[in-house]
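The following features are taken from TrEMBL:
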- B:12-30: transmembrane segment (TRANSMEM)
- B:42-61: transmembrane segment (TRANSMEM)
- B:81-101: transmembrane segment (TRANSMEM)
- B:107-126: transmembrane segment (TRANSMEM)
- B:133-151: transmembrane segment (TRANSMEM)
- B:181-200: transmembrane segment (TRANSMEM)
- B:212-235: transmembrane segment (TRANSMEM)
- B:267-287: transmembrane segment (TRANSMEM)
- B:299-318: transmembrane segment (TRANSMEM)
Amino acid sequence: MIEISNVRKNYGDTIVVRDVSLQIPRKGITSIIGPNGAGKSTLLSMISRLLPLSAGTVTVDGLDVTTTPSDVLAKRLSILRQDNRVGSRLTVRDLVEFGRYPYSKGRLTAEDRAQAARAIGFLGLEALADRFLDELSGGQRQRAYVAMVLCQDTDYVLFDEPLNNLDMKHAVGMMKLLREAADALSKTVVLVLHDINFASCYSDYIVAMRDGTVVRHGSPQEIMTSEAIREIYDMEVEIQETQGRRISIYYT
Amino acid sequence: MRENRQPIRALLILTALTVGIITLFMSLNVRGQWDFILTFRGTKVLTMALVGYAIAVSTVLFQTVSHNRILTPSIMGFDQLYILIQTSLVFTIGSAGLTALDPRLLFAFNVGAMVVFSTALYRWLFSGSSRSLHLLVLVGIVFGVLFRSLSSFMQRIIDPNEFVVLQDRLFANFNTIDSNLLGIAVATILIASFFGWRLMHVYDVLALGREASINLGLDHGRIVTVILMLVAVLVSVSTALVGPVTFFGLLVANLAYGIAGTHKHRFVLPVATLLAVICLIGGQLILERVFAFDTALSIVIEFVGGIVFLALLIRGVAR
(Lines of atoms letter the chains of each structure in order from A and count residues from 1; the text may use other names and numbers.)
(Lines give C-alpha, C1' and ligand atoms only; values in the text may rest on other atoms or scores of the structure.)
Protein backbone atom coordinates (compact mmCIF):
# COMPACT_ATOMS: atom_id res chain seq x y z
CA MET A 1 0.00 0.00 0.00
CA ILE A 2 1.13 3.54 -0.74
CA GLU A 3 0.39 5.79 2.18
CA ILE A 4 0.48 9.52 1.68
CA SER A 5 0.06 11.67 4.75
CA ASN A 6 -0.07 15.45 4.92
CA VAL A 7 2.09 15.84 1.85
CA ARG A 8 2.73 19.38 0.72
CA LYS A 9 4.75 20.90 -2.09
CA ASN A 10 5.32 24.58 -2.41
CA TYR A 11 7.63 26.73 -4.49
CA GLY A 12 8.04 29.80 -2.34
CA ASP A 13 4.54 31.06 -1.67
CA THR A 14 2.94 29.02 -4.45
CA ILE A 15 1.43 25.85 -3.07
CA VAL A 16 1.14 23.11 -5.68
CA VAL A 17 0.03 20.27 -3.45
CA ARG A 18 -1.54 21.16 -0.13
CA ASP A 19 -1.65 18.66 2.69
CA VAL A 20 -2.79 15.62 0.78
CA SER A 21 -3.49 12.45 2.75
CA LEU A 22 -4.39 9.39 0.77
CA GLN A 23 -4.07 5.63 0.71
CA ILE A 24 -3.56 3.91 -2.60
CA PRO A 25 -4.68 0.30 -2.30
CA ARG A 26 -2.55 -2.65 -3.39
CA LYS A 27 -3.29 -4.40 -6.68
CA GLY A 28 -5.38 -3.01 -9.50
CA ILE A 29 -5.34 0.32 -11.28
CA THR A 30 -5.68 3.62 -9.50
CA SER A 31 -6.14 6.69 -11.69
CA ILE A 32 -5.48 10.25 -10.62
CA ILE A 33 -7.61 12.72 -12.57
CA GLY A 34 -8.19 16.44 -12.38
CA PRO A 35 -7.79 19.68 -14.34
CA ASN A 36 -4.45 21.08 -15.46
CA GLY A 37 -2.40 22.41 -12.59
CA ALA A 38 -4.22 20.34 -9.99
CA GLY A 39 -0.92 18.87 -8.77
CA LYS A 40 -1.41 15.34 -10.12
CA SER A 41 2.00 14.96 -11.71
CA THR A 42 3.67 16.70 -8.79
CA LEU A 43 2.07 14.25 -6.38
CA LEU A 44 3.18 11.32 -8.53
CA SER A 45 6.73 12.70 -8.70
CA MET A 46 6.83 13.01 -4.92
CA ILE A 47 5.55 9.47 -4.42
CA SER A 48 8.34 8.24 -6.68
CA ARG A 49 11.06 10.42 -4.98
CA LEU A 50 11.77 12.38 -8.18
CA LEU A 51 10.79 15.52 -6.31
CA PRO A 52 11.53 16.26 -2.65
CA LEU A 53 8.54 16.81 -0.37
CA SER A 54 8.06 20.19 1.29
CA ALA A 55 6.24 18.51 4.17
CA GLY A 56 4.59 15.22 5.07
CA THR A 57 5.55 11.61 4.45
CA VAL A 58 5.04 9.02 1.75
CA THR A 59 5.55 5.34 2.51
CA VAL A 60 5.50 2.45 0.08
CA ASP A 61 4.90 -0.85 1.89
CA GLY A 62 6.09 0.90 5.02
CA LEU A 63 9.29 2.26 3.42
CA ASP A 64 9.60 6.03 3.71
CA VAL A 65 10.52 7.27 0.23
CA THR A 66 12.68 10.14 1.46
CA THR A 67 14.88 8.06 3.76
CA THR A 68 14.96 4.63 2.08
CA PRO A 69 18.01 4.17 -0.16
CA SER A 70 17.14 4.79 -3.78
CA ASP A 71 18.32 1.36 -4.94
CA VAL A 72 16.06 -0.41 -2.43
CA LEU A 73 13.04 1.54 -3.65
CA ALA A 74 13.98 0.82 -7.27
CA LYS A 75 13.04 -2.82 -6.64
CA ARG A 76 9.66 -1.84 -5.19
CA LEU A 77 8.45 1.04 -7.27
CA SER A 78 9.05 2.31 -10.79
CA ILE A 79 7.90 5.43 -12.56
CA LEU A 80 7.56 6.45 -16.17
CA ARG A 81 7.30 10.17 -16.82
CA GLN A 82 5.62 11.62 -19.89
CA ASP A 83 8.56 13.26 -21.62
CA ASN A 84 11.22 10.65 -22.19
CA ARG A 85 14.14 11.78 -24.24
CA VAL A 86 17.27 9.72 -24.32
CA GLY A 87 20.35 11.47 -25.60
CA SER A 88 22.27 8.32 -26.33
CA ARG A 89 21.65 6.00 -29.22
CA LEU A 90 20.08 2.86 -27.80
CA THR A 91 18.27 -0.11 -29.23
CA VAL A 92 14.96 -1.19 -27.76
CA ARG A 93 16.69 -4.17 -26.16
CA ASP A 94 19.36 -1.95 -24.60
CA LEU A 95 16.67 0.26 -23.11
CA VAL A 96 14.59 -2.59 -21.77
CA GLU A 97 17.65 -4.24 -20.24
CA PHE A 98 18.29 -1.06 -18.26
CA GLY A 99 15.15 -2.08 -16.37
CA ARG A 100 17.26 -4.83 -14.77
CA TYR A 101 19.83 -2.36 -13.45
CA PRO A 102 18.48 -2.32 -9.87
CA TYR A 103 19.19 -6.07 -9.72
CA SER A 104 22.19 -6.52 -12.00
CA LYS A 105 24.07 -3.24 -11.43
CA GLY A 106 25.21 -3.41 -15.03
CA ARG A 107 26.21 -7.10 -15.09
CA LEU A 108 23.34 -8.79 -16.85
CA THR A 109 22.77 -12.43 -16.02
CA ALA A 110 20.98 -14.91 -18.25
CA GLU A 111 17.94 -14.47 -16.01
CA ASP A 112 18.04 -10.69 -16.55
CA ARG A 113 18.16 -11.15 -20.30
CA ALA A 114 15.26 -13.60 -20.16
CA GLN A 115 13.25 -11.13 -18.11
CA ALA A 116 13.97 -8.40 -20.65
CA ALA A 117 12.93 -10.70 -23.49
CA ARG A 118 9.66 -11.43 -21.64
CA ALA A 119 8.95 -7.73 -21.20
CA ILE A 120 9.66 -7.14 -24.90
CA GLY A 121 7.28 -9.98 -25.75
CA PHE A 122 4.61 -8.67 -23.39
CA LEU A 123 4.60 -5.36 -25.29
CA GLY A 124 4.76 -7.07 -28.68
CA LEU A 125 8.09 -5.48 -29.56
CA GLU A 126 10.00 -8.60 -30.69
CA ALA A 127 10.30 -7.42 -34.28
CA LEU A 128 11.66 -4.05 -33.17
CA ALA A 129 14.02 -5.27 -30.44
CA ASP A 130 17.22 -4.45 -32.31
CA ARG A 131 16.03 -1.18 -33.83
CA PHE A 132 17.32 2.10 -32.47
CA LEU A 133 14.88 4.19 -30.46
CA ASP A 134 15.19 7.17 -32.77
CA GLU A 135 14.02 4.99 -35.66
CA LEU A 136 10.68 4.27 -33.98
CA SER A 137 7.35 6.05 -34.05
CA GLY A 138 6.10 7.83 -30.94
CA GLY A 139 3.76 4.98 -30.03
CA GLN A 140 6.41 2.32 -30.46
CA ARG A 141 8.88 4.30 -28.39
CA GLN A 142 6.29 4.73 -25.66
CA ARG A 143 5.80 0.96 -25.64
CA ALA A 144 9.55 0.44 -25.37
CA TYR A 145 9.64 2.64 -22.26
CA VAL A 146 6.72 0.75 -20.75
CA ALA A 147 8.61 -2.49 -21.43
CA MET A 148 11.62 -1.09 -19.56
CA VAL A 149 9.48 -0.18 -16.57
CA LEU A 150 7.78 -3.60 -16.54
CA CYS A 151 11.19 -5.25 -16.87
CA GLN A 152 12.11 -3.56 -13.63
CA ASP A 153 9.56 -5.94 -12.13
CA THR A 154 8.36 -3.79 -9.25
CA ASP A 155 5.13 -4.27 -7.33
CA TYR A 156 4.21 -0.63 -7.86
CA VAL A 157 4.27 0.89 -11.32
CA LEU A 158 3.53 4.59 -11.73
CA PHE A 159 2.78 6.25 -15.06
CA ASP A 160 2.47 9.94 -15.70
CA GLU A 161 0.05 10.38 -18.61
CA PRO A 162 0.90 7.17 -20.44
CA LEU A 163 -1.57 8.00 -23.21
CA ASN A 164 0.18 11.20 -24.21
CA ASN A 165 0.85 11.28 -27.97
CA LEU A 166 -0.97 8.02 -28.64
CA ASP A 167 -3.79 7.75 -31.16
CA MET A 168 -7.03 6.09 -30.04
CA LYS A 169 -6.02 2.61 -31.16
CA HIS A 170 -2.71 2.75 -29.32
CA ALA A 171 -4.30 4.46 -26.33
CA VAL A 172 -6.79 1.62 -25.96
CA GLY A 173 -3.98 -0.89 -26.52
CA MET A 174 -1.91 0.75 -23.79
CA MET A 175 -4.78 0.74 -21.29
CA LYS A 176 -5.56 -2.93 -22.01
CA LEU A 177 -1.93 -3.70 -21.48
CA LEU A 178 -1.81 -1.89 -18.14
CA ARG A 179 -5.00 -3.71 -17.14
CA GLU A 180 -3.31 -6.98 -18.02
CA ALA A 181 -0.20 -6.00 -16.05
CA ALA A 182 -2.43 -5.32 -13.07
CA ASP A 183 -4.44 -8.54 -13.42
CA ALA A 184 -1.98 -11.11 -14.80
CA LEU A 185 1.21 -9.84 -13.14
CA SER A 186 -0.72 -8.60 -10.07
CA LYS A 187 0.92 -5.20 -10.02
CA THR A 188 -0.30 -2.02 -8.43
CA VAL A 189 -0.62 0.47 -11.26
CA VAL A 190 -1.02 4.18 -10.55
CA LEU A 191 -1.80 6.47 -13.49
CA VAL A 192 -2.21 10.15 -14.07
CA LEU A 193 -4.88 10.41 -16.75
CA HIS A 194 -6.47 13.29 -18.58
CA ASP A 195 -9.26 11.39 -20.26
CA ILE A 196 -11.82 10.61 -17.58
CA ASN A 197 -13.52 8.05 -19.81
CA PHE A 198 -10.36 5.93 -19.90
CA ALA A 199 -10.15 6.32 -16.14
CA SER A 200 -13.75 5.23 -15.83
CA CYS A 201 -13.43 2.18 -18.08
CA TYR A 202 -10.14 0.77 -16.81
CA SER A 203 -9.61 1.82 -13.19
CA ASP A 204 -10.56 0.14 -9.97
CA TYR A 205 -10.17 3.32 -8.03
CA ILE A 206 -10.16 6.98 -9.00
CA VAL A 207 -8.58 9.87 -7.12
CA ALA A 208 -9.75 13.33 -8.21
CA MET A 209 -7.58 16.35 -7.48
CA ARG A 210 -8.21 20.04 -7.82
CA ASP A 211 -6.09 23.02 -6.72
CA GLY A 212 -3.57 20.78 -4.98
CA THR A 213 -6.07 18.87 -2.87
CA VAL A 214 -7.92 15.58 -3.24
CA VAL A 215 -11.56 16.53 -3.73
CA ARG A 216 -12.99 13.07 -4.24
CA HIS A 217 -11.87 9.47 -4.30
CA GLY A 218 -13.72 6.28 -4.83
CA SER A 219 -14.80 3.72 -7.39
CA PRO A 220 -15.47 4.82 -11.00
CA GLN A 221 -19.22 4.62 -10.25
CA GLU A 222 -18.84 7.10 -7.42
CA ILE A 223 -16.69 9.56 -9.37
CA MET A 224 -18.48 9.39 -12.69
CA THR A 225 -21.51 11.46 -11.76
CA SER A 226 -22.47 14.86 -13.14
CA GLU A 227 -22.27 16.31 -9.68
CA ALA A 228 -18.77 15.00 -8.98
CA ILE A 229 -17.42 16.09 -12.37
CA ARG A 230 -18.85 19.55 -11.78
CA GLU A 231 -17.00 19.73 -8.52
CA ILE A 232 -13.72 18.51 -10.03
CA TYR A 233 -13.66 20.27 -13.38
CA ASP A 234 -16.17 23.08 -12.95
CA MET A 235 -17.98 21.86 -16.00
CA GLU A 236 -21.44 20.56 -16.81
CA VAL A 237 -21.26 17.13 -18.38
CA GLU A 238 -23.73 14.43 -19.17
CA ILE A 239 -22.97 10.93 -17.94
CA GLN A 240 -24.29 8.03 -19.97
CA GLU A 241 -24.12 4.38 -19.17
CA THR A 242 -23.30 2.01 -22.02
CA GLN A 243 -22.40 -1.65 -21.60
CA GLY A 244 -22.16 -1.19 -17.87
CA ARG A 245 -19.57 1.57 -18.12
CA ARG A 246 -20.09 5.24 -17.37
CA ILE A 247 -18.99 7.58 -20.09
CA SER A 248 -19.04 11.34 -19.86
CA ILE A 249 -20.03 13.37 -22.89
CA TYR A 250 -18.00 16.53 -22.60
CA TYR A 251 -17.16 17.43 -26.17
CA THR A 252 -19.93 19.96 -26.78
CA MET B 1 25.02 -8.05 -33.48
CA ARG B 2 25.97 -5.13 -35.66
CA GLU B 3 26.34 -2.78 -32.72
CA ASN B 4 28.90 -4.96 -30.96
CA ARG B 5 31.46 -5.42 -33.69
CA GLN B 6 32.00 -1.78 -34.58
CA PRO B 7 33.28 -0.51 -31.21
CA ILE B 8 35.62 -3.49 -30.80
CA ARG B 9 37.03 -3.01 -34.29
CA ALA B 10 37.41 0.72 -33.63
CA LEU B 11 39.26 -0.03 -30.41
CA LEU B 12 41.65 -2.45 -32.12
CA ILE B 13 42.43 -0.07 -34.98
CA LEU B 14 42.95 2.86 -32.61
CA THR B 15 45.21 0.81 -30.34
CA ALA B 16 47.32 -0.17 -33.34
CA LEU B 17 47.47 3.46 -34.47
CA THR B 18 48.47 4.60 -30.99
CA VAL B 19 51.27 2.06 -30.76
CA GLY B 20 52.41 3.03 -34.26
CA ILE B 21 52.48 6.73 -33.59
CA ILE B 22 54.28 6.31 -30.28
CA THR B 23 56.90 4.16 -31.98
CA LEU B 24 57.28 6.75 -34.71
CA PHE B 25 57.54 9.56 -32.20
CA MET B 26 60.18 7.73 -30.18
CA SER B 27 62.31 6.58 -33.11
CA LEU B 28 62.10 9.26 -35.80
CA ASN B 29 65.30 11.12 -36.54
CA VAL B 30 67.26 9.78 -33.61
CA ARG B 31 70.81 11.09 -33.47
CA GLY B 32 73.11 10.48 -30.58
CA GLN B 33 72.53 8.66 -27.32
CA TRP B 34 69.54 6.31 -27.36
CA ASP B 35 69.08 6.25 -23.61
CA PHE B 36 68.94 10.04 -23.43
CA ILE B 37 66.50 10.23 -26.34
CA LEU B 38 64.28 7.53 -24.89
CA THR B 39 64.01 9.21 -21.49
CA PHE B 40 63.55 12.63 -23.04
CA ARG B 41 60.89 11.60 -25.50
CA GLY B 42 59.41 9.06 -23.13
CA THR B 43 58.61 11.82 -20.66
CA LYS B 44 56.86 13.76 -23.41
CA VAL B 45 54.89 10.71 -24.53
CA LEU B 46 53.86 9.94 -20.97
CA THR B 47 52.76 13.55 -20.44
CA MET B 48 50.73 13.60 -23.61
CA ALA B 49 49.14 10.24 -22.85
CA LEU B 50 48.25 11.45 -19.37
CA VAL B 51 46.81 14.72 -20.60
CA GLY B 52 44.97 12.98 -23.43
CA TYR B 53 43.45 10.50 -20.98
CA ALA B 54 42.48 13.16 -18.46
CA ILE B 55 40.85 15.44 -21.01
CA ALA B 56 39.07 12.68 -22.93
CA VAL B 57 37.63 11.00 -19.84
CA SER B 58 36.68 14.25 -18.12
CA THR B 59 34.92 15.60 -21.21
CA VAL B 60 32.95 12.43 -21.88
CA LEU B 61 31.87 12.18 -18.24
CA PHE B 62 30.99 15.85 -18.10
CA GLN B 63 28.85 15.49 -21.20
CA THR B 64 27.15 12.42 -19.74
CA VAL B 65 26.31 14.29 -16.56
CA SER B 66 25.12 17.42 -18.35
CA HIS B 67 23.31 15.53 -21.16
CA ASN B 68 24.88 17.84 -23.65
CA ARG B 69 27.42 17.17 -26.35
CA ILE B 70 28.68 20.71 -26.77
CA LEU B 71 29.59 21.47 -23.17
CA THR B 72 33.06 20.76 -21.87
CA PRO B 73 34.59 21.40 -18.46
CA SER B 74 36.44 24.35 -19.96
CA ILE B 75 33.12 26.10 -20.42
CA MET B 76 32.67 25.96 -16.67
CA GLY B 77 35.36 28.61 -16.30
CA PHE B 78 38.20 26.14 -15.73
CA ASP B 79 40.61 27.54 -18.28
CA GLN B 80 39.81 31.09 -17.31
CA LEU B 81 40.44 30.27 -13.67
CA TYR B 82 43.81 28.83 -14.58
CA ILE B 83 44.65 31.97 -16.55
CA LEU B 84 43.52 34.12 -13.63
CA ILE B 85 45.68 32.20 -11.16
CA GLN B 86 48.74 32.52 -13.40
CA THR B 87 48.09 36.21 -14.03
CA SER B 88 47.62 36.94 -10.33
CA LEU B 89 50.83 35.11 -9.52
CA VAL B 90 52.83 37.08 -12.07
CA PHE B 91 51.05 40.24 -10.97
CA THR B 92 51.79 39.81 -7.26
CA ILE B 93 55.17 38.11 -7.04
CA GLY B 94 56.48 38.81 -10.54
CA SER B 95 57.98 36.40 -13.05
CA ALA B 96 61.24 36.24 -11.11
CA GLY B 97 59.43 35.24 -7.94
CA LEU B 98 57.43 32.66 -9.89
CA THR B 99 60.56 31.03 -11.29
CA ALA B 100 62.06 30.90 -7.82
CA LEU B 101 59.02 29.06 -6.47
CA ASP B 102 59.14 25.28 -6.04
CA PRO B 103 57.32 23.93 -9.13
CA ARG B 104 55.71 21.17 -7.07
CA LEU B 105 54.28 23.74 -4.70
CA LEU B 106 52.98 25.78 -7.62
CA PHE B 107 51.44 22.67 -9.18
CA ALA B 108 49.73 21.68 -5.94
CA PHE B 109 48.49 25.23 -5.54
CA ASN B 110 47.08 25.32 -9.08
CA VAL B 111 45.32 21.98 -8.76
CA GLY B 112 44.07 22.74 -5.28
CA ALA B 113 42.64 26.12 -6.23
CA MET B 114 40.79 24.71 -9.22
CA VAL B 115 39.37 21.70 -7.40
CA VAL B 116 38.27 23.83 -4.45
CA PHE B 117 36.64 26.37 -6.76
CA SER B 118 34.72 23.81 -8.78
CA THR B 119 33.66 21.72 -5.80
CA ALA B 120 32.41 24.80 -4.00
CA LEU B 121 30.48 25.79 -7.11
CA TYR B 122 28.86 22.36 -7.44
CA ARG B 123 28.06 22.07 -3.77
CA TRP B 124 26.43 25.44 -3.78
CA LEU B 125 24.40 24.82 -6.91
CA PHE B 126 23.44 21.20 -6.34
CA SER B 127 21.67 21.88 -3.10
CA GLY B 128 18.91 23.39 -5.23
CA SER B 129 16.32 22.02 -7.60
CA SER B 130 16.56 19.60 -10.51
CA ARG B 131 17.10 22.15 -13.23
CA SER B 132 20.23 23.41 -11.57
CA LEU B 133 22.61 21.84 -14.06
CA HIS B 134 21.68 24.53 -16.55
CA LEU B 135 22.12 27.09 -13.85
CA LEU B 136 25.49 25.53 -13.08
CA VAL B 137 26.61 25.92 -16.67
CA LEU B 138 25.35 29.48 -16.86
CA VAL B 139 27.11 30.38 -13.63
CA GLY B 140 30.22 28.72 -15.03
CA ILE B 141 30.10 30.91 -18.10
CA VAL B 142 29.52 34.02 -16.01
CA PHE B 143 32.45 33.12 -13.75
CA GLY B 144 34.53 32.52 -16.86
CA VAL B 145 33.79 36.01 -18.11
CA LEU B 146 34.52 37.46 -14.68
CA PHE B 147 37.86 35.66 -14.47
CA ARG B 148 38.79 36.71 -17.97
CA SER B 149 37.99 40.36 -17.24
CA LEU B 150 40.06 40.27 -14.05
CA SER B 151 42.94 38.61 -15.91
CA SER B 152 42.92 41.07 -18.78
CA PHE B 153 42.75 43.94 -16.35
CA MET B 154 45.88 42.71 -14.59
CA GLN B 155 47.55 41.87 -17.89
CA ARG B 156 47.03 45.47 -19.03
CA ILE B 157 48.82 46.98 -16.09
CA ILE B 158 51.77 44.63 -15.66
CA ASP B 159 55.17 45.23 -17.16
CA PRO B 160 55.29 44.20 -20.87
CA ASN B 161 58.25 41.92 -20.18
CA GLU B 162 56.32 40.17 -17.44
CA PHE B 163 53.41 39.82 -19.86
CA VAL B 164 55.59 37.89 -22.31
CA VAL B 165 56.57 35.45 -19.56
CA LEU B 166 52.92 35.13 -18.59
CA GLN B 167 51.73 34.55 -22.14
CA ASP B 168 54.18 31.71 -22.45
CA ARG B 169 52.54 29.98 -19.49
CA LEU B 170 49.04 30.33 -20.94
CA PHE B 171 49.54 28.12 -23.97
CA ALA B 172 49.57 24.39 -23.61
CA ASN B 173 53.14 23.25 -23.86
CA PHE B 174 54.50 19.74 -23.82
CA ASN B 175 58.16 20.60 -24.23
CA THR B 176 59.09 21.70 -20.75
CA ILE B 177 57.72 19.18 -18.31
CA ASP B 178 59.18 18.73 -14.86
CA SER B 179 59.50 14.99 -14.28
CA ASN B 180 58.80 15.48 -10.54
CA LEU B 181 55.46 17.02 -11.45
CA LEU B 182 54.73 14.21 -13.84
CA GLY B 183 55.07 11.69 -11.02
CA ILE B 184 52.63 13.59 -8.81
CA ALA B 185 50.24 14.03 -11.73
CA VAL B 186 50.32 10.32 -12.56
CA ALA B 187 49.61 9.41 -8.96
CA THR B 188 46.73 11.88 -8.65
CA ILE B 189 45.12 10.73 -11.86
CA LEU B 190 45.51 7.06 -10.93
CA ILE B 191 43.69 7.65 -7.66
CA ALA B 192 40.90 9.58 -9.39
CA SER B 193 40.64 6.85 -12.04
CA PHE B 194 40.28 4.18 -9.38
CA PHE B 195 37.15 5.89 -8.07
CA GLY B 196 35.96 6.53 -11.61
CA TRP B 197 36.42 2.88 -12.54
CA ARG B 198 34.27 1.75 -9.65
CA LEU B 199 31.43 3.89 -10.98
CA MET B 200 31.73 2.43 -14.49
CA HIS B 201 28.32 0.75 -14.42
CA VAL B 202 26.64 4.00 -13.39
CA TYR B 203 27.56 6.12 -16.42
CA ASP B 204 25.29 4.42 -18.95
CA VAL B 205 22.33 4.68 -16.56
CA LEU B 206 23.12 8.32 -15.89
CA ALA B 207 22.98 9.02 -19.62
CA LEU B 208 19.28 8.09 -19.57
CA GLY B 209 18.51 11.28 -17.70
CA ARG B 210 17.92 12.33 -14.13
CA GLU B 211 14.45 10.90 -13.67
CA ALA B 212 15.15 7.58 -15.35
CA SER B 213 18.31 7.13 -13.31
CA ILE B 214 16.55 7.87 -10.02
CA ASN B 215 13.86 5.41 -11.05
CA LEU B 216 16.58 2.81 -11.56
CA GLY B 217 17.88 3.43 -8.07
CA LEU B 218 20.75 5.86 -8.43
CA ASP B 219 21.35 8.44 -5.74
CA HIS B 220 21.50 11.01 -8.53
CA GLY B 221 22.59 14.13 -6.66
CA ARG B 222 25.43 12.39 -4.83
CA ILE B 223 26.72 10.54 -7.88
CA VAL B 224 26.70 13.65 -10.04
CA THR B 225 28.68 15.51 -7.37
CA VAL B 226 31.23 12.68 -7.17
CA ILE B 227 31.61 12.59 -10.96
CA LEU B 228 31.96 16.35 -11.23
CA MET B 229 34.68 16.24 -8.56
CA LEU B 230 36.50 13.54 -10.53
CA VAL B 231 36.20 15.72 -13.62
CA ALA B 232 37.54 18.67 -11.64
CA VAL B 233 40.59 16.68 -10.51
CA LEU B 234 41.30 15.36 -14.02
CA VAL B 235 40.99 18.73 -15.72
CA SER B 236 42.92 20.56 -13.03
CA VAL B 237 45.83 18.15 -13.17
CA SER B 238 46.09 18.28 -16.92
CA THR B 239 45.73 22.06 -17.06
CA ALA B 240 48.26 22.62 -14.30
CA LEU B 241 50.66 20.26 -16.05
CA VAL B 242 50.63 21.71 -19.56
CA GLY B 243 48.19 24.63 -19.70
CA PRO B 244 44.68 25.02 -21.11
CA VAL B 245 43.50 23.20 -24.25
CA THR B 246 39.90 24.34 -24.52
CA PHE B 247 38.46 22.68 -27.59
CA PHE B 248 40.47 19.50 -27.47
CA GLY B 249 38.06 17.56 -25.25
CA LEU B 250 35.12 18.53 -27.40
CA LEU B 251 36.94 17.33 -30.48
CA VAL B 252 37.87 13.88 -29.18
CA ALA B 253 34.60 13.25 -27.33
CA ASN B 254 32.46 13.90 -30.38
CA LEU B 255 34.77 11.96 -32.66
CA ALA B 256 34.61 9.10 -30.18
CA TYR B 257 30.80 8.94 -30.17
CA GLY B 258 30.88 8.74 -33.95
CA ILE B 259 33.69 6.23 -34.25
CA ALA B 260 32.52 3.93 -31.46
CA GLY B 261 28.99 3.90 -32.90
CA THR B 262 27.60 3.28 -29.42
CA HIS B 263 27.08 5.24 -26.26
CA LYS B 264 28.22 2.52 -23.90
CA HIS B 265 30.88 4.12 -21.78
CA ARG B 266 33.04 1.04 -21.62
CA PHE B 267 33.67 1.61 -25.34
CA VAL B 268 33.39 5.39 -25.62
CA LEU B 269 35.87 6.14 -22.81
CA PRO B 270 38.78 4.07 -24.18
CA VAL B 271 38.06 5.18 -27.77
CA ALA B 272 38.09 8.83 -26.70
CA THR B 273 41.30 8.29 -24.73
CA LEU B 274 43.08 6.61 -27.64
CA LEU B 275 41.91 9.34 -30.01
CA ALA B 276 43.19 12.00 -27.65
CA VAL B 277 46.58 10.32 -27.34
CA ILE B 278 46.84 9.93 -31.12
CA CYS B 279 45.89 13.57 -31.69
CA LEU B 280 48.33 14.91 -29.12
CA ILE B 281 51.31 12.78 -30.12
CA GLY B 282 50.54 13.12 -33.82
CA GLY B 283 50.13 16.88 -33.43
CA GLN B 284 53.39 17.14 -31.52
CA LEU B 285 55.11 15.05 -34.18
CA ILE B 286 53.90 17.41 -36.90
CA LEU B 287 54.81 20.39 -34.76
CA GLU B 288 58.37 19.16 -34.24
CA ARG B 289 59.08 17.78 -37.71
CA VAL B 290 57.00 20.00 -40.01
CA PHE B 291 56.78 23.35 -38.24
CA ALA B 292 60.10 22.91 -36.47
CA PHE B 293 58.68 24.16 -33.12
CA ASP B 294 57.61 27.41 -34.74
CA THR B 295 54.20 27.30 -33.12
CA ALA B 296 52.49 25.75 -30.10
CA LEU B 297 50.59 22.48 -30.16
CA SER B 298 47.57 24.08 -28.54
CA ILE B 299 47.27 26.49 -31.46
CA VAL B 300 47.07 23.59 -33.90
CA ILE B 301 44.53 21.78 -31.71
CA GLU B 302 42.43 24.86 -31.02
CA PHE B 303 42.29 25.60 -34.72
CA VAL B 304 40.97 22.14 -35.61
CA GLY B 305 38.80 21.94 -32.49
CA GLY B 306 37.25 25.34 -33.11
CA ILE B 307 36.24 24.31 -36.61
CA VAL B 308 34.64 21.10 -35.29
CA PHE B 309 32.82 23.11 -32.62
CA LEU B 310 31.38 25.44 -35.26
CA ALA B 311 30.43 22.48 -37.45
CA LEU B 312 28.58 20.89 -34.51
CA LEU B 313 26.73 24.10 -33.75
CA ILE B 314 25.71 24.62 -37.38
CA ARG B 315 24.58 21.02 -37.75
CA GLY B 316 22.65 21.31 -34.49
CA VAL B 317 20.87 24.41 -35.79
CA ALA B 318 20.12 22.80 -39.14
CA ARG B 319 18.50 19.76 -37.56
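Every residue, even glycine, has its Cβ placed from backbone N, Cα and C.
Heads up, TrEMBL stuff is auto-annotated, nobody curated it.
Beyond the ends of the transmembrane segment (B:42-61), by six or more residues, the same chain brings 22, 25-26, 72-73, 174-175, 177, 179, 182, 185-186, 189, 193, 196, 203, 227, 230-231, 234-235, 237-238, 241-242, 245, 248-250, 252-253, 256, 265, 268-269, 272-273, 275-277, 279-281, 284 to within a C-beta distance below 8 angstroms of the stretch.
Highlighted: of the candidate stretches B:12-30, B:181-200, B:212-235, B:267-287, B:267-287 has the greatest count of Cβ pairs under 8 Å to the transmembrane segment (B:299-318). Note on the transmembrane segment (B:212-235): residues 54-55, 57-58, 61-62, 64-65, 73-74, 78, 111, 114-115, 118-119, 122-123, 126, 133, 188-189, 192, 195-196, 199, 202, 205-206 of its chain, located 6 or more positions outside it, place their CB under 8 angstroms from a CB of the stretch. Within its own chain, the transmembrane segment (B:181-200) is flanked in space by residues 43, 46-47, 50, 53-54, 57, 61, 103-104, 107-108, 111, 223, 226-227, 230, 233-234, 237-238, 240-241, 265-266, which lie at least six positions past its ends and keep a Cβ under 8 Å from the stretch.
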